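The compositional bias 'Basic and acidic residues' annotation in Swiss-Prot covers 36-48, 112-144, 170-179. The compositional bias 'Low complexity' feature in Swiss-Prot is assigned to 52-67, 336-362. Annotation source Swiss-Prot lists compositional bias 'Acidic residues' at 79-94. Annotation comment: Swiss-Prot describes 300-309, 363-379, 422-437 as compositional bias 'Polar residues'. The disulfide bond annotation in Swiss-Prot covers 531-555, 531-564, 555-564, and the record cites similarity to another entry as its basis. Feature annotation from Swiss-Prot assigns domain 'bZIP' to 154-217; the stated evidence is sequence analysis. Positions annotated as region 'Leucine-zipper' by Swiss-Prot: 182-189. Annotation comment: Swiss-Prot describes 211-332 as region 'Transcription activation 1'. The region 'Transcription activation 2' annotation in Swiss-Prot covers 377-480 and is backed by similarity to another entry. Per Swiss-Prot, the feature motif 'Bipartite nuclear localization signal' maps to 35-42, 68-75; the stated evidence is sequence analysis. Per Swiss-Prot, motif 'Nuclear export signal' is recorded for 549-556, and the stated evidence type is similarity to another entry.
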């Protein structure tokens, strides 16, 4: 029985392999202690005499039977010679029912060898995962340690999104505001461009209208200066030239006065005239006082002296011996001077002086009758049979003067040729010194009441009553009376300015043209020859140069065919060729 107990107690101890399996099962949940287990296992292999009494301390207490000092003490060994029991069956199974309860409850059934291999593989994979996780953390730490600005990971993502949305919204608002500003600026520029275009159109229309008016005024000025060849600057007392040929064309001309001066004062020596007018006039010397009236021109005022050897004693006696009042004496002076000029019209000097007198009186805007009036042509019927020479430089002026008798002038619209017989019967042939035998003073009284000065500005809008002007430019009267509306008004039409409407036909003017054939039609101006052209044709004729042509008869024939125009007396080219053909 004692032997059995000893065997039983010896069988309760575990072999080293069993101890290793037990430790592995117990330490399966503690991987870091594997090295310690391996160390303990190695110690257990090197020390087989250790007992399992002190497992927790890493060494086993040996029983007295396993003492190495007693080789025959019956210690357990791998060799058969070391076993104390020679007849011991090694295949003896010590496991009996209920033997697992002898040493206490185990944490779990012992795993098999296959399960142990799986656990080892699992432990190896876990170790590898732990090592890879450490490497990853180490790599993250290395990446975070790079130089430069690190992203702010502390702020939440929602806050960053809100800031991004606010920035985008502000950008869109600025963009929309910029677009609105650009659209507003474009609208303003478009409006300014439209206004500028409209203003340019109005200014362009106004310029066209002014150009039309300028052409109209130039046309009127050409009627006064051209046509007869006389300019406003050449109409002065000392103008002894060929420009004096058309003095009987009845043009109403005056030079433009200086600012602040009355018209005509520079022609008649205004300061001297004013000083002479301020002197007291008495009845003893009416010739010296009344001869200074600007509207009355005598031979003494033109020539200053009788250097031409003309008989002027009769006119001088008629003036000096008359103690009548001033107005009749002035009229007698003018009448005697004009009759003296008409009686000596055959000589070139007298004809030129008479034309100078007419020119000065018209330039001074005095309303006295010209040399074509009946009062100055008292002795024309007596003097017409005298032969006149046209070889001097004033021959053209004399020829044009006789040819101009076919037309009237401003003061005497009746032509001198038609009113010759009437003027001879109603006007005395010789001037008398008595005031009762002379006609009324006429318009000279008005001129003298104004101090001898006549202001043509008062009659600036006056027009000559000639049918030729009315027939050619009849619409200008209505343009002045009813001017065009303002350019800004809606009733204004720009086409009316650019293309003026032709004037309507005047029935009264057509009737007058039918009755009076002495008016030049506007469409036949190219076929009309002026006095200058007729005189040039006469000079080109050899018989005229030799003196074989009767100029008086030729002038009378041309006068019967003459027509009146705004530029003077004109004759149809066909009539001139017929008359000159008969003379040849």
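Every residue, even glycine, has its Cβ placed from backbone N, Cα and C.
Structural mapping of features recorded in Swiss-Prot.
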residue	record	DSSP (3 states)
531	disulfide bond	helix
555	disulfide bond	helix
564	disulfide bond	strand
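Mean model confidence for the motif 'Nuclear export signal' (549-556) is a pLDDT of 83. You'll find the Cα of residue 531 (disulfide bond) roughly 12 Å from the Cα of residue 564 (disulfide bond). The Cβ neighbour count for residue 564 (disulfide bond), using a 10 Å radius and every protein chain shown, is 22. Cβ neighbour count within 10 Å across all protein chains ranks 531 highest among the disulfide-bonded residues 531, 555. Applying DSSP to the domain 'bZIP' (154-217) sorts its residues as follows: 61 helix, 0 strand, 3 coil.
You'll find the Cα of residue 555 (disulfide bond) roughly 15 Å from the Cα of residue 564 (disulfide bond).
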